[in-house]
Structures are given as structure tokens and as C-alpha cells.
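As annotated by TrEMBL, active site, proton acceptor applies to E385. As annotated by TrEMBL, Zn(2+) binding site applies to H384, H388, E407. The feature compositional bias 'Low complexity' is assigned by TrEMBL to 43-61. Among the features that TrEMBL reports, domain 'Aminopeptidase N-like N-terminal' is placed at 77-275. What TrEMBL lists as domain 'Peptidase M1 membrane alanine aminopeptidase' is 312-539. Residues annotated as domain 'ERAP1-like C-terminal' in TrEMBL: 615-940. The region 'Disordered' annotation in TrEMBL covers 40-66. Residues or ranges marked as site 'Transition state stabilizer' by TrEMBL: Y473.
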Amino acid sequence: MGKGFFISKVVAVVCVVVAISAVATIIALSVVYAQEKSKNQETPTTATTAGPGTQTTTPSTPKEPWQRYRLPDSLSPISYNVTLWPRLTPNTDGLYIFSGYSTVLFTCVKETDLILIHSNKLNFTMFDGYHAQLKAVDGASAPQLKKSWLEVPTQYLVIQLSSPLQAGSTYELFTEFVGELADDLGGFYRSEYDEDGVRKILATTQMQPTDARKAFPCFDEPAMKAVFHMTLIHPHGTVALSNSMNYEPINITTPDGLNLIQTSFGPTEIMSTYLLAFVVCDFGFIQSDLGANVLIRIWARKKAIEEGQGAYALEKTGPILSFFEKYYKIPYPLKKSDQIALPDFSAGAMENWGLITYRETALLYNPAVSSNGDKEWVATVISHELAHMWFGNLVTTKWWNDLWLNEGFATYVSYLGANYAEPDWNMSDLIVLNEIIGVMAVDALASSHPLSSKEADVMRPEDINALFDSITYSKGAAVLRMLSSFITEEVFSNGLNTYLEEFKYKNTVYQDLWKNLQTAVDNAGIQLPHSVEVIMNRWILQMGFPVVTIDTKTGKISQKHFLLNPDSVVDVPSEFNYEWFVPITWIKTGAAKDQYWLLTKEATNADMTTGDGDWLIANIDMKGFYRVNYDSENWDRILTKLSTQHQDIPVINRAQIIDDAFNLARAKIVSTTLALSTTRFLNTELEYMPWQTATRNLDYFVLMFDRSEVYGPMQGYINKKVTPLFKHFEELTANWTKIPEKHTDQYNQVNALSWGCSTGVDGCKELTTAWFKEWMDNPDNNKISPNLRTTVYCSAIAEGGAVEWDFAWKMYKSATIASEAEKLLYALSCTKQPWLLNRYLEYCLDPTMIRKQDATFTINYIAGNPIGQPLAWDFIRANWAHIFNDYGGGSMSFGRLISGVTKRFSSEFEYKQLLQFKEDNINQLGSAASSFEQALERTKANMDWVALNKELVFDWFTSEISGTV
């Protein structure tokens, strides 16, 4: 961990010989690469790029093994020895590069005369005209190489042999190579930041899902687990990190006199290539006590560490690790847990085994500047990544089609871990707002997809990248939460334990988890209507979810595939006919009743009939992944209860009632006026979850009507509802000078201020502009509460002009805390000046102004502004090729860009524009292809909804603000 915390000085001596012999070769490689001016877009002239008959694009029906995207099952890796030297300064051509060499030890499982190993954008040293050297282990002779080339479309190094490798024999493949240390956030890449006026460069990695092959040749599939022996060569003044603990670094001198450090690392556990990580930087760190069982270190920019921004992460990592050790009933598998905050990182975080990488906002926290939302994000992301240390890393799914199990599980249990670390936050309830409600809107589209895909449907890197979406993460979490609920959390934990014990260091398919959970269910004596696998198959093998309708007059219950647009066509057949086995939890007039299983399309439960004074609510605490509709009389009784004694209904269900009603109305199942009526009680509601759910649903009305005459009366209605909440927090916080004690109250205070200012509550805008002006007058002393800064910044910039915008931009560029920079990045999009918004859009394509990792989010922020939306849409159409090449293809946030920029679309003209844009760029959609389909479907639904509801909604809001019924 800290000084002197190394594996062994004695063992390190072994590395010295390797270092000295390697340096000359590595320098020669760097000279070769300096001549490459194409930035690795093509393979080098020193290598044969294609064999006879090789096509420039892979055919739809591949004829040769190297034209297929999946590796054959003839070879199995055992271990890799990899040495890499990243250059943290550009060469004479202005390129940042890395050079290295690798030896992979592998076993021949089936006799073959072909070696396929992944390689992407690497330039190889040739050995007698071949890209590699092959030798047999244990004295046997290896076949001669016959031909080698780089198969660019499928990202292989292809080696044909003159005679076959023998099944059961072991071989070594040696390669030397150079690659670009680009700023593309994938593979082995560089990140840049300024510290005390000095530009700093670091080298880091992001391998998941298919970019380990950009760092060195490897069998880059999750099931190809191996042991990795890493060595990094780096400048003095920097430190090298990897998955394992390092041996003591040694000084080396290159033939041309460069003094460098060589750091070698102990062997990793057997693991997948996508979990490999290594970093070269000059960061600082803080660490756990030396006597701790697991060494925990938090790494970040030195200034961030000095300011204490890593303290919260260090404080919570130990307890969360302990929680998961108890939850899984298995000790943490490694000796250390390094966590590092990177200035440039495409995802939120990455669960590399032993070296977890994070965006700065997901690991660093400064109580003087960061909000409670920032703090919650740090806790949940740390918990998510630590959950993977067992589920995903120790046991890994065989292929990416089961990514949902890995990410959905980690998302679900991250709330359990965070709840343990922060018991006062009620995190186990907040999963409903943060994950479940949002993903239900996506899964209600006919263009959604099942959680588990067929392996044959997920082959290309872009297919894999497309799976990193809200269905995978959030729906995966929702259905596992539902499963845990109906078999109990204790039984769920017991099944996880046997699953992890049985398959540790191996790979699985989702059925393996079902079998272990079934055994736990049987051992506990829990009675289910069908096996775990039979029940869950209906939730993971078909898309969507049901709406359950309960008629409290007759006790009749029915289910139907819920579609946001009832006129959309579902052209994907389901073997289950879009029916589910639904666990229905329910209360009658506040009293909990026995769970009921709906196993058919229709059924009757006489207990669900109600008397005159009774009311019934189903899906308690939204543990089930479905919506609920009722007969009109029960809806009326629920609305009466909300208006008179809303506290009698559980708080999550108050949120559920609002969300279900609004979505049922959009699906034309209930009236829009019924949905709007579920918000009438909000003037007496003080809890965050109902208010936040209402906010999200009313936001849809804002999106649809903020450019029409409906907007005025709608704002008047919301003003009436939020004014009591605004006054409540004004009093609770002693005129906004104190922070509410309760976690969710701190969130709801933001709702009060945000709605208050946007709807014109007396004194609100004056408050926010005065706070912002005070900060502008004294930039070194920002007194605005961190929880309120996003809202205050946005409100003040919206009310102001260029002076306010330029001040905020200056503060953004000088921010040393990522969470503060993120708040300003959003607030800058709130201006009402089109020319400022256009300038801001242009900044998005300049990485010196806005980091690549933030560009798509910034465009979305601008599109969220009604003035900015058409500007953003024009911008991405005009710059699509550049955006796609620099930010798309494999980017996990790329699909969100399409969704964000088109979410306001509700006219025939916009629909035709979107369709034309898709057709014009059909070959440049990448991982966003499904997002275009969803955007088209959503636009069609918006068009229909607006046509049906505009006049009705105008009349309802007008009536409400005038006081008539």
C-alpha cells in the first residue's frame, strides 16, 4: 500500500534481467511507430494486412474462421507475461505511444493449424516476415509459421501454421508491438489534466468490453480466463498500478541513456481480459490502516488527495466490503483494493479486479462543495463496483448476452451495500426512484429488448456495446429485487453463496444461478407456483412487463403487455405470448394481505373485492416489476384517501400511484384527468418520493407543452401545489440558512426551489439571483449551499445574460472538484440566449474546452432547454460524422445522445426529420441503432398523445387554477 508495502524484494530480483533485455527492443519499436502518421487507423506497412481472398469487410455468412467474430474453441490461454512502456510525452510526430511485448502461454484443446488472437490498432515487429514467434513448452517442437496477417474487420492477428498444434500440448506465442496512447477512452489510453498551471499526462485503461486487444494481443473473450503477469516501465516521479500488488520497483537505464523505473506485479487471480487494468500517474493516495486484512487505497490527483476528497471513499469502502463478505458468505478474494479517480473516463466506474477505476465524480467527495446527491452517488458506485468483486469477477458469465445478470445484480445489491454504509438514507427504497421507475418507461416501448439475448445475436463489438443500457442495468436490478422479495433476501443470499462457491474462477450462464437459488428455496421450504427458472424465464426472455388490472367489485384480475403506445406493433414473437407469472402483494384499507400469484391471463380472487369504505392497493413498495390499474370506483377511493389522509398509504405507493396513473394515461388505459388528479394532494405532501415522481411525470407535460398555450395554466397549477412546499422548507431551514437533517428532505428542498423558481413562486428568483450575484462579487467565497447549487446556478443563468454565463464558464474551467464542474456544466445549458447555446455546442467538439467524456451529456443538457433543443438537433445532424467517429461507435453514452436530443419530438415534421436522418446515416449508427428505433417509436407516441390530450389538459389546468371543478 504505502511506502515499503511490496510483495518481496527477493522475488523482484527476477524481474531485473527481463527489464534490461527488453529495453533495447522496446526503444526500437518506438522508432518504428514514430514513422506511423496515420494514427493507427490502418495496419502498418511492415505487416501483411490480409491473406489471399481476405475481404475488406466481413461477409454476412463467414466462410473462414477469421471472418467470424467469435474465437474458435481450439485454444485456451493459461497465462500472459506483458511488458508495456507508455510515453507520457509526444514523439516528433506529435503522437503519444506505448510499446511492449507479450508472451501468452496457451493449451491446444483441439488439434488445429490456425491461431486466432485478438489485436486492434497495434503495429507489430516482424520476425522473418511473421507477426509473432511460436514455441512449444517442455522441449517439444512447435509447427513452423506459414502465413500471418491482421484481419482488421474482426480484429484478429491470424497465424496459419505449416502443421497442426497437438491437442493437450502447451505453447508460447511471443509478440512485440507499438500502439497509440490516444485520448479515445478505450484500451490503453491517456488522460490529461492541469494542476497548478502544469499540464499533466497519465496512462490508464478501460478494457471492458472488447478493448484489451488494443493494449496487447490476447484471447479477448470473458470465458478465456487466464493469469496475468504485468510489468510497466515508467518515468521517475510516477507510480505504476495494476490489479495485483507490485514488487519493489527497480531503476533501469535504456541504451540511449534514459533513466526509468520498472514496476512488476504479482500474478493476478485467474480472470477475464476485460478486468485487467494498469495506470501510470503521479497521483497521491490515502490508505487504510496497515493492520487491516485488506489494503484499501484511494488514488487521485495530488491536490484532490491533499484537500481530503478521498476521505469519504476510504471511510466507506471498508464497511461495504465487510457487508458483501457477510452477504456472499465468502471472504474478499484479494489482498488489496485500489480505487483510482481519473480525470477522463467514459463510464461511471469499472470493476477491474483489485484496481477499480472511476470518474472523479464517482469517487471524490468534498463536503464543502459536494451535494448530498454527490455523496450518494459515490456511495452507490463504490458499492456497485465492490459487489462485482465476487459477482462478475470471481464468477463471470460466459458471454456478453448475459451481461444483464452481471450488471443488474451489481446495481441491485449496490443499494444494499450503500444502505449498510449509510443506514439513515433509506437507500433500499431509493432504488425505486433511481432505477425502476425510469426503466419502466423504456421497457414499455415495442422497440425494447429482453434482458437475456441469444448468444448468436451478440457477436460484434457494437452489438456488445449496445447492451450497456438501462434495460441491462436497471431492469436487471428490478427483476432480481422482485425475485429476492418473493423468495426472501436470506434465501437469495444463501443461493448466491453456493453459486459463487461452485463456480469461483469459472464462467457461467444464468441458468446456473437459477439452479442454486432453487436449491436454496427447496432447503428453506418455500412454496412457489413453479420453479425459479420457469418463473424468471418469463421476465428475462421476453421484453416488457404487464399491467395488472384489478376489479375490486368482482375480484377479477387480468394482465396485459403494457405498451406506452397501444398502437405500436410488437413484431418480436415471445414463446410466452407476453404473459408473466406475477407475484401480487397488496393491502386492503391499510391491512397487508397474503401474496397472490397471477399465473394466467385472467383469474379471480374473491378476497380482492371491497366494501363501500374499503380501498385496495397492489404491488406494495413496488417490489414487483409491473404496473397496476383498478376499476374506477377503487381509483376514486384512492384519490379520496390521498386528499384526506395520504399518510395511510405507504410512501413508495404514493409515488407508485402517481407514476402508474400517468403512464396508464399515456397508454390510453385511464383518462389523463385521472392521472392529473393524483397530483392534487401534493399541496399537503412533504415526502420526497411522491414529489419526485410527480416532477418526472409533469416534466413530460412540460416537454410536450412548453411551446404552446397550455404552458401558462400548467405553470399556474404547479405554482399552487409547490408554494406550500416552498414555504415549508423556508421555515424548516430558517429562511434557507440551514440544511435539512433528513437525506430525502435535502432532495425535496431542491424540488421546492426548482419548481418554485420555474413557476414564479414569490421571492424565489430574487433569492437565487441574489445568491449568484453575491458569488460573482466574491468568486473565492461561494456561500451557496452545495445541495442547492445546480438549481441556483441554472435559475440565475437563465435569468441573466452573457455576463453571468461567462462567469460560470470561467468557474467551470477553474473548478478543481469534478462534482462542482459537473453542476456548472449543466447550469451553463440553462441560458435563454441562442447565441450562447450555439457557442456552447461548438465547445462540445473541442476537447480542450469540454472533455470527451462530457460532450454527449452537455449536448443533452442543451437539448433539455426548449430554446436549445432545435439548436442541438441541428448541431448533431450537421456534425454527425465527427460525433460518430470521435464519440460514437463503441461509446456507452452515445445512445443516450439520440434519446436526449429527440425526447421533445411530438410533431409529424420532427418524426420525418428523424426518419430521414436515420436513413441518411444507416451505416453510421453504431451502438445507437436501437436508440433510433426507440426515438421513432417515442415520437410517434408523443404525436398521438398531444393530439388526443392538448385541449383536455388545457381545460383541466385552467379549471384547477380558477378554483372550479
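Along the chain as shown, residues are numbered 1 onward.
Even glycines carry a Cβ here, placed using N, Cα and C.
Comparing the recorded positions E385, E407 on other C-beta atoms within 10 angstroms of each C-beta gives the minimum for E407. Of the chain residues outside the Zn(2+) site list H384, H388, E407, E351, E385, A387, F391, G392, N406, F409, A410, T411, S414 have their Cβ within 8 Å of the site's Cβ mean position. In this structure, the CA atom of the residue listed as 'active site, proton acceptor' is 10 Å away from the CA atom of E407 (Zn(2+) binding site).
When averaged over the domain 'Aminopeptidase N-like N-terminal' (77-275), pLDDT in the model lands at 96. Here H384 (Zn(2+) binding site) comes close to A349, E351, A410, T411, S414: these same-chain residues lie at least six apart in sequence, with C-beta atoms under 8 angstroms from its C-beta. All protein chains considered, the CB of H388 (Zn(2+) binding site) has 25 other CB atoms within 10 Å. Taking only the Cα positions, the spacing between Y473 (site 'Transition state stabilizer') and E407 (Zn(2+) binding site) is 5 angstrom.
A 10 Å cutoff on Cβ-Cβ distances gives Y473 (site 'Transition state stabilizer') a total of 22 other Cβ atoms nearby, all chains included.
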